[in-house]
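Taken straight from Swiss-Prot:
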type	residues	note
BINDING	Asp17, His208, His210, Asn244	Mn(2+) binding site
DOMAIN	8-269	domain 'Pyruvate carboxyltransferase'
REGION	408-539	region 'Regulatory domain'
Amino acid sequence: MAKDPGRVLIFDTTLRDGEQSPGASLNLEEKLAIAQQLARLGVDVIEAGFPFASPGDFAAVQKIAENVGGEEGPIICGLSRASKPDIKACANAIAPAPKKRIHTFIATSDIHLEHKLRKSRKEVLDIVPDMVGYAKSFVDDVEFSCEDAARSDLDFLYEVIELAISSGANTINIPDTVGYITPSEFGDLILNINENVPNINEAVLSVHGHNDLGLAVANFLEAVKNGARQLECTINGIGERAGNAALEELIMALHVRRSYFNPFFGRPPESPTPLTAVRTEEITKSSRLVSNLTGMVVQPNKAIVGANAFAHESGIHQDGVLKNRLTYEIIDAKTVGLSDNKISLGKLSGRSAVRARLEDLGYDLNREDLNDAFARFKDLADRKREITDRDLEAIVSEQVQLPEALFQLKLVQVSCGTSLMPTATVTVVGEDGEEKTAVSLGTGPVDAVVRALDSLTEEPNELIEFSVKSVTEGIDALGEVTIRIRRDGNLFSGHSADTDVVVAAAQAYINALNRLVAAHGRKSIHPQHDLAKVDKKGI
């Protein structure tokens, strides 16, 4: 059997695979904020990015390595293809971390070998020991992945895994790259690897999966029963296509059904020892932070973190819950950090009080960003009688979007009504500090604002999505706006909140435009799709 650390290790790849979701690109400050929250959550490994992809990705991984973790914190991991330039860039980026890992991979399925890598099995068998050994020359902790393992020939897969372990790999990852496999098949695959790889006892067995058939979490739980001891997942299940296995669902399944899973770890069913090191009370906070910063809205009926996850509409259910919550609830909402607590901050509250609450919510702002957030808080306090944590999260989340801001919104004025043509006057401050104003008509107030902004910024794009939701209850609630725009096939999202949804829409659109402009001219390399941009000798 594979090496057993005595519990399930949680490998979070929100900042790498999760960020590959269309429109979910994050800037350096946003990535750092998420990494700091992941450390509070208690994940074992943070895959901080793909350093070779771009200078921006390298800088973000390096910043996280410098600022997150510590001797008692998570391992900081970087992804690299089986290529010396990739591996060297990864090693340099993660170098500042006290605990670091290089995660390198190569495809093993015949379809990938023939159509993507254009290599033979023998060539792959030659590459694996060279690249794992090269990674091992930089760090003690090396993870090796067999890309598309779920569709690979088993005998060849066993051979590759054995070779990777003998070359120094500490963790072997088995990805279901295209979300194709079913739970029973995945369980059998993990069991077969345990039974047919002679040196598997020298490495931890890990799994990585996508949700194309909606089976990622079920697949992982079956893998755990058969010896997998590291789960690679993302907050809110974000990721390419249909997403990745959702961290919060995996954690709570192992938490709520501990008595079922305990025997697979050699424990008695009643053992109270947690199966992971994750602090479940940080789950909701982590989910909201990732949703706010990526602009990817969590579906209301999403398990564990959706708005309806703990809601009861049926009269029969409501009656049962009022008598005893266990009648219809298997999870106490407080276990995942969900509460309706109001923050006792008002007009006379100081910056230190606001900073303390923000830190509790997972935000660590610098002085300038704190001042901006505090100003917005005071403005909101003048307009709202009660301010909730959700309000505070909404008004502060866009502060970490500003470091790359090339356009700043200064003024929005709208005139509209039943007998008026919607008209917007907008003033924007450019990178050079020059103010420009435009007036535009539209089919509605938001359309007029967007047209005015387009005439000022001159950044062609296609508006793909516009959504508004209320942050809290009440007529004075903040309106949270998410906007997605597209240029050249790439999606960029913007997010903002205000009691005036037109103002929120204008700021969200500006935030999306800033992401678009910042990304223009510095396209990142995709770790699985872009092979031409690497020295072929190293693959």
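Here the Cβ of each residue, glycine as well, is placed from N, Cα and C on the backbone.
All protein chains considered, the CB of Asn244 (Mn(2+) binding site) has 28 other CB atoms within 10 Å. In the structure as shown, the Cβ atom of His210 (Mn(2+) binding site) sits within 10 Å of 24 other Cβ atoms. Non-local neighbourhood of His208 (Mn(2+) binding site): Thr13, Asp17, Ser145, Asn173, Ile174, Pro175, Asp176, Thr177, Glu232, Asn244, Ala245, each in the same chain, at least six residues away, with C-beta under 8 Å from its C-beta.
Other residues of the chain with a Cβ within 8 Å of the Cβ centroid of Asp17, His208, His210, Asn244, the Mn(2+) site, are Thr13, Pro175, Thr177, Gly209, Ala216, Glu232, Cys233, Thr234, Gly239, Glu240, Gly243, Ala245. Here the region 'Regulatory domain' (408-539) is broken down by DSSP into helix, strand and coil counts: 35 helix, 54 strand, 43 coil. A mean pLDDT of 85 is what the model gives for the region 'Regulatory domain' (408-539).
A simple way to gauge crowding: the CB of Asp17 (Mn(2+) binding site) has 25 other CB atoms within 10 angstroms, across all the protein chains here. According to DSSP, Asp17 (Mn(2+) binding site) is assigned to coil rather than to any helix or strand. In the three-state DSSP scheme, Asn244 (Mn(2+) binding site) is classed as strand.
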